[in-house]
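Participant: My structure is below; once you've seen it, I'll send some questions.
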């Protein structure tokens, strides 16, 4: 692998601008070589002056890059030292409390079943668990910084070697010895010491001396391109998707036959539509995950997933394919129910019952950790006023807004099975009299309207909670106003529908109010999508017209197509309200998957915007703490900032003299004297063809 590709694959995306600009240096060298005057037509002195001038510019650029790398490394190292001191304080406090407790006298006792513990023991158990997670995230940040150190040194060595080869000189090697090999980012070995001390602390204080268990907890996922999925996972993805395609073709022919013999199949459509939307959502989320990884958007950090164990796009395709097969088989069974001994109403119940069981299955099988994460996130979403709202919380609530049809169809299914289904018949899901008006299709008692408002309500109260936490009216209250327009839209749609059925004279008034709030809501959400969620139409966009200054995805056409798509689908309701009710139901069924697709496109650019925010803050790992930063920690941080090897003022002298000793006056743990050195090796080849 060429080093440029290796560098691109192994950098930390949030620190991309802080790495050596290897490609820019290569272009600089090749451009100088191409533009150099020929010895055949120019005297030798002119050629020498040309290359001397170029080398002066080249080494000045190298100095700027080296200063940038030194400064960034010093900042991140000071941050790591502060973080390690804080974690040591938190761990020492937990150990002190544990020693004072008569109920818990050793760390081993915290492993007994949680439901046998007292309240104090539960809190202590949770603190130790949080500390383990915090140390594992901190260890990951250290490995990333060590990786940054090694990649940049290798980059300088490679580019200076290439310089010497192209210009047929040794000044590049001399410059490396004089400047790079004495630079703080390379000579400072404090990062190795922190890695060793972290391993020792986790081994001796949190894992009772079991180094193998400690290193398993601290294991760092491969730094670089996505690792290939297990062969069996890929096999299952191909198998499930192939079967799903075949069953879909069969389903189309069966549906045509069913429509020819029985044209009143609307209940089947309503009952099975939600399942299809869920499967479509999972499949498109798999494509989202693949696209984010390919573009370098760190969705694992954004969603605060466990970097050591999370679902890849192959796993999402596998789940979507498996559920898709069950959905097809269940619907086919309904079509052929008249020749079956099993009543038709059993099949939908079996399908959705299995889906619910798959999600809440308490056994540690079928992606247990991911399912538990989703259930916990759903709980946080539905109890939003009582929790601090994170990105994953409002992202999931946003997805529910595009999946509101699933909630409405669930309400319809419950109503249908409760009031319209003839349980003593097995011919079909429809009432005996097709001409009988459907009770569950109406806005009876406002239940459908309330269900339709639930997703918007969840986002609304999340915005209020974020305002309570931050006291920032913009954007949180303004965003809450956006979701409040949904309440008016749904309310007037319900009033229009009920008054129209009863032939009231004020029906037209509610219709115009409905259309008015639809326009307000669509314009509001469209502007918010493009400007706030996606960060587009930035006045400093430069050459990225109507976009933003920095874009992640390679083609600008992606952004322009997404803008057009968002405008069209945000105003697609115009088609739905301009036609008859019967055809309107069909159009609504067509638009529901399109709304899921719109959300799929939205996901790409919303996470890109969040990723760029993380890049601006150089945030590459989760910051997990048991306790907030106290006064002592703040004082230590300020002292560290004032030290020579702490975070230095960028405007002051950037001398390469570096004092590697920093005194951290913290309670020493027993494990600190047993630290062992660990190093991450960076692939390095001296073959010039690979540079």
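Placement of Cβ uses the backbone N, Cα and C atoms for every residue, glycine included.
Note that the coordinates shown come from a computational prediction; the quantities given were computed from them, not determined experimentally.
According to Swiss-Prot, the protein has these features:
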- 1-228: topological domain 'Cytoplasmic' (TOPO_DOM)
- 229-259: transmembrane segment (TRANSMEM)
- 260-264: topological domain 'Extracellular' (TOPO_DOM)
- 265-296: transmembrane segment (TRANSMEM)
- 297-309: topological domain 'Cytoplasmic' (TOPO_DOM)
- 310-337: transmembrane segment (TRANSMEM)
- 338-343: topological domain 'Extracellular' (TOPO_DOM)
- 344-365: transmembrane segment (TRANSMEM)
- 384-388: topological domain 'Cytoplasmic' (TOPO_DOM)
- 389-422: transmembrane segment (TRANSMEM)
- 401, 482, 483, 570, 598, 599: phosphate binding site (BINDING)
- 423-429: topological domain 'Extracellular' (TOPO_DOM)
- 430-471: transmembrane segment (TRANSMEM)
- 439-638: domain 'EXS' (DOMAIN)
- 473-503: transmembrane segment (TRANSMEM)
- 507-534: transmembrane segment (TRANSMEM)
- 535-553: topological domain 'Cytoplasmic' (TOPO_DOM)
- 554-581: transmembrane segment (TRANSMEM)
- 573: site 'Gating residue for phosphate transport' (SITE)
- 583-621: transmembrane segment (TRANSMEM)
- 622-691: topological domain 'Cytoplasmic' (TOPO_DOM)
- 663: phosphoserine (MOD_RES)
Participant: Summarise the topological domain 'Cytoplasmic' (297-309) as counts of helix, strand and coil residues per DSSP.
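Facilitator: Taking each residue of the topological domain 'Cytoplasmic' (297-309) in turn, the totals are 4 helix, 0 strand, 9 coil.
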Participant: Mean pLDDT for the domain 'EXS' (439-638), as a whole number?
Facilitator: 86
Participant: Report the DSSP secondary-structure composition of the topological domain 'Cytoplasmic' (384-388) as helix, strand and coil residue counts.
Facilitator: 3 helix, 0 strand, 2 coil
Participant: Are there 3 or more C-beta pairs under 8 Å linking the transmembrane segment (507-534) with the transmembrane segment (265-296), counting only pairs at least 6 apart in sequence?
Facilitator: no
Participant: Under 8 angstroms, Cβ to Cβ: which one of 229-259, 344-365, 389-422, 554-581, 583-621 has the largest number of such pairs with the transmembrane segment (310-337)?
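Facilitator: It is 229-259, which has the most Cβ pairs under 8 Å.
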Participant: For the binding-site residues 483, 570, 599, which one has the sparsest Cβ surroundings, going by other Cβ atoms within 10 Å?
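Facilitator: The binding-site residues 483, 570, 599 were compared, and 570 has the fewest Cβ atoms within 10 Å.
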Participant: Restricting to CB pairs under 8 Å, which listed stretch, 229-259, 344-365, 554-581, 583-621, is in contact most with the transmembrane segment (507-534)?
Facilitator: 554-581
Participant: Looking only at the topological domain 'Extracellular' (338-343), how are its residues distributed among DSSP helix, strand and coil?
Facilitator: 2 helix, 0 strand, 4 coil
Participant: Six or more residues beyond either end and a Cβ under 8 Å away: which residues meet both conditions relative to the transmembrane segment (389-422)?
Facilitator: 267, 270-271, 273-274, 277-278, 281, 302-304, 345, 348-349, 352, 377-378, 380-381, 429, 431-432, 438-441, 447-448, 451-452, 454-456, 458-459, 462, 465-466, 469, 486, 588, 592, 595-596, 598-599, 602, 606, 610
Participant: Name the residue among the recorded positions 401, 573, 598 whose Cβ has the smallest number of other Cβ atoms within 10 Å.
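Facilitator: Each of the recorded positions 401, 573, 598 was scored by Cβ atoms within 10 Å; lowest is 401.
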Participant: Six or more residues beyond either end and a Cβ under 8 Å away: which residues meet both conditions relative to the transmembrane segment (583-621)?
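Facilitator: Distal contacts: 12-18, 72, 76, 137-138, 140-141, 144, 266, 269, 273, 276-277, 280-281, 284-285, 287-288, 291-292, 295-299, 301-302, 307, 391, 395, 398-399, 402-403, 405, 529, 533-536, 548, 550-553, 558-559, 562, 565-566, 569-570, 572-573, 575-577.
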Participant: Which value in Å gives the longest Cα to Cα span across the phosphate site residues 401, 482, 483, 570, 598, 599 as recorded?
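Facilitator: Answer in Å: the longest Cα-Cα distance is 18.
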Participant: DSSP on the topological domain 'Cytoplasmic' (535-553): how many residues come out helix, how many strand, how many coil?
Facilitator: 0 helix, 0 strand, 19 coil
Participant: Check residue 598 (phosphate binding site) against DSSP and tell me helix, strand or coil, would you?
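Facilitator: Reduced to three states, the DSSP call for residue 598 (phosphate binding site) is helix.
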Participant: Is residue 570 (phosphate binding site) helix, strand or coil when read with DSSP?
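Facilitator: The three-state answer is helix.
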Participant: Would you mind reading off the Cα separation of residue 482 (phosphate binding site) from residue 573 (site 'Gating residue for phosphate transport'), to the nearest angstrom?
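Facilitator: Answer for this pair: 17 Å between alpha carbons.
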Participant: State the count of C-beta atoms found within 10 angstroms of the C-beta of residue 482 (phosphate binding site), not counting that atom itself.
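Facilitator: I count 21 other Cβ atoms within 10 Å of it.
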